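Engineer: What TrEMBL lists as domain 'EamA' is 10-143. According to TrEMBL, the feature transmembrane segment maps to 12-29, 41-61, 73-95, 101-122, 134-154.
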Amino acid sequence: MMTSLGVSGKAYIAMLIVQVIYAGMALLSKASISSGMNPSIFVVYRLAFATLSLAPVAYYFERKNAPQISCTLICKIFFSALIGITICLNMYYYALNHTSATFAAATTNLVPAITFVIALILRMERMYIKKLHGWAKMIGAMVSLSGALVFAFVKGPTFVKEGGKVSSNTNHQFSSNSEFVKGPLLMLCSNTLWSSWGIMQGHSSIRSLDF
């Protein structure tokens with residue numbers, strides 16, 4: 001089955017698996033932060049474990065094939081890590097501290113739409129209005145944006161379990177309006193940086209093949 005899918009089919013399946021992993025990561029991250037973990041400390045632990053896990057593997061498999069790195073590429077890697085890892089992840093986990101894991105997983109649907117808009121502005125992507133795939137991209141971006149806005153601005157009553165009975169509590173809904181605004185705003189900024197990071201990664205990866 002995998003051989004009949006081809007390279008593009010495998011890429012789509014891999015992206016689907018990545019999205020499932022992101023959803024699980026949002027749940028585990030929310031549980032860690034809700035238990036008292038500082039978001040910035042959580043980012044440090046996450047990147048430290050990732051480095052210790054991937055560095056030996058990368059060194060073993062790529063030590064003979066690694067291209068020579070120039071100063072320009074080092075600067076691109078630095079700014080890519082600063083925007084897409086340091087700032088983006090800190091914003092993401094602080095936003096997660098003020099929202100829910102469901103909201104965080106749902107608003108990641110904004111990333112493809114924001115990436116598409118940024119790519120259009122930078123003329124890295126073209127909008128084919130007369131083509132079917134062009135309309136598919138535009139409709140997909142609108143659906144992603146609409147779904148994220150629903151999660152951001154439609155807020156029902158909070159359900160509280162008291163004495164074995166579940167009841168709605170509207171007082172808590174209006175007592176945390178500042179938290180309600182802060183979380184989506186930080187998440188939107190994080191998703192925008194995440195989209196910019198994806199574009200920077202693609203450009204740096206292509207450029208690195210020339211060295």
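Positions of Cβ are set from backbone N, Cα and C atoms, glycine also.
Not measured: the values here are computed from a predicted model.
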Engineer: Cβ pairs under 8 Å with the transmembrane segment (12-29): which stretch of 41-61, 73-95, 101-122 has the most?
Structural biologist: 101-122
Engineer: How many of the residues that make up the domain 'EamA' (10-143) does DSSP mark as helix, as strand and as coil?
Structural biologist: 108 helix, 0 strand, 26 coil
